[in-house]
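J.: Handing you a structure now.
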Amino acid sequence: MKWLLLLGLVALAEGLIHKVALVKKKSLRQSLWENGLLEDFLKTHSLNPASKYFPTEATTLSANQPLVNYMDMEYFGTISIGTPPQEFTVIFDTGSSNLWVPSIYCSSPACSNHNRFDPQKSSTFKPTSQTVSIAYGTGSMTGVLGYDTVQVAGIADTNQIFGLSQSEPGSFLYYSPFDGILGLAYPSISSSGATPVFDNMWNQGLVSQDLFSVYLSSNDQSGSVVMFGGIDSSYYTGSLNWVPLSSEGYWQITVDSITMNGQSIACNGGCQAIVDTGTSLLSGPTNAIANIQSKIGASQNSQGQMAVSCSSIKNLPDIVFTINGIQYPLPASAYILQSQEGCSSGFQGMDIPTSSGELWILGDVFIRQYFTVFDRANNQVGLAPVA
């Protein structure tokens with residue numbers, strides 16, 4: 001009888017996990033390359049991954065989320081907004097906090113090729129007079145804020161504030177595989193003081209635990225998932241190791257060291273890192289990354305990527321991140337990205353001066369290897385090897 005009760009409780013707990021399936025698609029970079037536009041794009045758009053974090057010029061009405069920095073993203077999920085629901089493909093981004101999608105008020109070419117929200121077709125939409133501006137590349141996405149019901153993984157998140165874009169300059173966004181972005185970081189970095197989607201879910205009692213978790217599949221187009229309100233142990237092996245946040249805003253933690261063959265190659269004496277599902281690569285200080293690129297034999301090609309010989313993967317050593325005393329090795333098969341164009345490094349350089357020293361971004365290259373729990377209740381991140 002006790003076993004039946006226990007099984008029932010387990011089934012109940014499992015049922016309270018709300019899962020969003022993520023689909024792996026061609027990245028914006030791949031689409032531009034296939035359409036013969038990548039080289040021209042790279043000549044006119046400066047890739048600056050650092051500009052996403054700790055913006056110095058952002059105001060309460062401006063969010064600094066450069067869309068050009070999402071050009072290598074491959075994982076996307078579906079949400080709906082309004083009554084009846086209107087569907088959108090979004091990036092679930094733990095490196096930002098706002099939700100925004102294109103609207104019918106946007107006549108830019110980029111918007112015309114994507115799903116656009118029509119407030120007039122939603123009986124639950126509530127307008128505001130607030131504007132929002134999200135900077136990227138050589139222009140910015142401008143729009144207005146409104147409230148409506150957002151459905152995510154079967155959760156009806158009512159009275160959710162979100163951005164409706166009115167202008168998206170930059171023809172390259174015409175080819176982007178996503179409509180908008182759903183931010184999952186803390187409210188403190190949200191533009192316009194907008195309540196993030198997950199906070200609104202928790203405040204309304206729509207999830208059973210104040211956490212969400214992410215599994216990114218390495219190979220398949222399907223299989224990746226974001227889970228709201230719970231943890232599914234079938235996605236990882238061993239036990240979760242918990243890492244306290246060093247700062248609450250981004251999902252920021254302390255890294256003890258980064259080594260190769262037992263020798264330090266970066267992060268001497270420790271460094272800070274943001275765990276970010278909205279960054280595809282693994283980013284760090286320019287000088288440190290240049291050292292790593294040299295050690296793995298990477299050199300820049302005409303597509304702006306650091307090319308690596310595919311045949312070298314089997315001979316390259318692990319790069320080990322030690323976090324809270326636990327080692328997290330990345331094999332070459334993880335940090336060397338393979339595509340139809342060839343092989344390239346999964347590392348990219350960026351310099352973000354912070355009061356706590358050098359900053360790294362643990363993007364999808366890292367998260368594909370380690371199931372990640374984002375625990376808001378205890379302000380910590382849980383990591384375990386993927387199953």
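Using N, Cα and C of the backbone, Cβ positions are placed for all residues, glycine too.
The feature signal peptide is assigned by Swiss-Prot to 1-15. What Swiss-Prot lists as domain 'Peptidase A1' is 75-384, and the listing cites sequence analysis. If you look up Swiss-Prot, you'll see Asp93, Asp276 marked as active site. The feature disulfide bond is assigned by Swiss-Prot to Cys106-Cys111, Cys267-Cys271, Cys310-Cys343. Annotation comment: Swiss-Prot describes Ser129 as phosphoserine, evidence class similarity to another entry.
Burial and contacts for the listed features, if you can.
T.: This prediction places the mean pLDDT of the domain 'Peptidase A1' (75-384) at 92.
Around Asp93 (active site), the same-chain residues at least 6 positions away in sequence with a Cβ under 8 Å from its Cβ are Ile181, Leu182, Gly183, Leu184, Ala185, Asp276, Thr277, Gly278.
Annotation note: Cys106 (disulfide bond) sits in a coil segment as assigned by DSSP.
Within the same chain, residues at least 6 positions away in sequence whose Cβ sits under 8 Å from that of Ser129 (phosphoserine) are Val144. Secondary structure at Ser129 (phosphoserine), as computed by DSSP, is strand.
When secondary structure is read from DSSP and collapsed to three states, Cys267 (disulfide bond) falls in the coil class. Neighbour list (Cys267 (disulfide bond), Cβ cut-off 8 Å, at least 6 residues apart, same chain): Val255, Asp256, Ser257, Ile258, Gly284, Ala288, Glu358, Trp360.
The secondary structure of Asp276 (active site), as reduced to three states from DSSP, is coil rather than helix or strand.
Sequence-distant neighbours of Cys343 (disulfide bond) (same chain, 6+ apart, CB under 8 A from its CB) are Ala307, Val308, Ser309, Cys310, Ile313, Ile336, Leu337. A strand conformation is recorded for Cys343 (disulfide bond) in the three-state DSSP classification.
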J.: Between the Cα atoms of Cys106 (disulfide bond) and Cys271 (disulfide bond), what distance do you get, rounded to the nearest Å?
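T.: Cys106 (disulfide bond) and Cys271 (disulfide bond) have their Cα atoms 42 Å apart.
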J.: Report the same-chain neighbours of Cys111 (disulfide bond): residues 6+ apart in sequence with Cβ closer than 8 Å to its Cβ, ordered by sequence.
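T.: Once residues fewer than 6 apart are set aside, Cys111 (disulfide bond) is near Pro102, Ser103, Ser165, Glu168.
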J.: I'd like to know which of these disulfide-bonded residues, Cys106, Cys271, Cys310, is least surrounded, judged by other CB atoms within 10 A.
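T.: So among Cys106, Cys271, Cys310, the disulfide-bonded residues given, the one with the fewest Cβ atoms within 10 Å is Cys310.
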J.: Including all protein chains displayed, how many Cβ atoms other than that of Asp276 (active site) lie within 10 Å of its Cβ?
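T.: The answer is 27 other Cβ atoms.
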